[in-house]
Every structure is written in C-alpha cells, then in structure tokens.
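Trainee: Below you'll find the structure I mean.
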C-alpha cells in the first residue's frame, strides 16, 4: 500500500510543475510582433497620446493602459 502511495505521490509531484509553467501559447504577444501586423493605434479614437496607450476597448486598440 505504501509503495502505491509513493508512486502516486511521485507522479503527482512530477506532473504538477508541468501544469504550473505557462506554455508558449499562453504568452502575450510582444509589441514588435504587433507592429508588423499594421495596426494603426495612433488613429484609434480610444488611443491616449499622452499615456501612449488605449484607455478603453482594448480588444480594438493595442496597447492597453493599466488600470
């Protein structure tokens, strides 16, 4: 019984760090990659030129201002 519990504990400890680490698909896109997609944020009505970020509707305008 103890050996089965030890095997189960070892498997859980080996799998846990793999699920905690962010995968490549979870990483946010960097700004140079966004600039190559021809996104005109300066012409967006939600772009704040003083803060150099978008104040609202960040799914339409990039980069988003922190709240």
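For all residues, glycine too, the Cβ spot is worked out from N, Cα and C.
Sharing the feature lines straight out of Swiss-Prot:
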- 53-65: disulfide bond (DISULFID)
- 54-61: disulfide bond (DISULFID)
- 58-64: disulfide bond (DISULFID)
- 63: 4-hydroxyproline (MOD_RES)
- 1-22: signal peptide (SIGNAL)
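Set these features in their place in the structure for me.
Mentor: Just so you know, the Cβ of residue 53 (disulfide bond) picks up 17 other Cβ atoms within 10 Å once every protein chain is counted. A strand conformation is recorded for residue 53 (disulfide bond) in the three-state DSSP classification.
Other Cβ atoms within 10 Å of the Cβ of residue 64 (disulfide bond) number 14 in total over all chains.
Residue 63 (4-hydroxyproline) falls within neither a helix nor a strand when secondary structure is assigned with DSSP, and so counts as coil. Other C-beta atoms found within 10 angstroms of the C-beta of residue 63 (4-hydroxyproline) number 15, with every protein chain shown included.
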Trainee: Of all the disulfide-bonded residues given, 54, 65, which residue's CB has the most CB neighbours within 10 A?
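Mentor: Selected residue: 54.
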Trainee: Work out how many Å separate residue 54 (disulfide bond) and residue 65 (disulfide bond) at their Cα atoms, rounded off.
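Mentor: With distance taken Cα to Cα, residue 65 (disulfide bond) is 5 Å from residue 54 (disulfide bond).
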Trainee: In whole Å, note down how far the CA of residue 64 (disulfide bond) lies from the CA of residue 53 (disulfide bond).
Mentor: 5
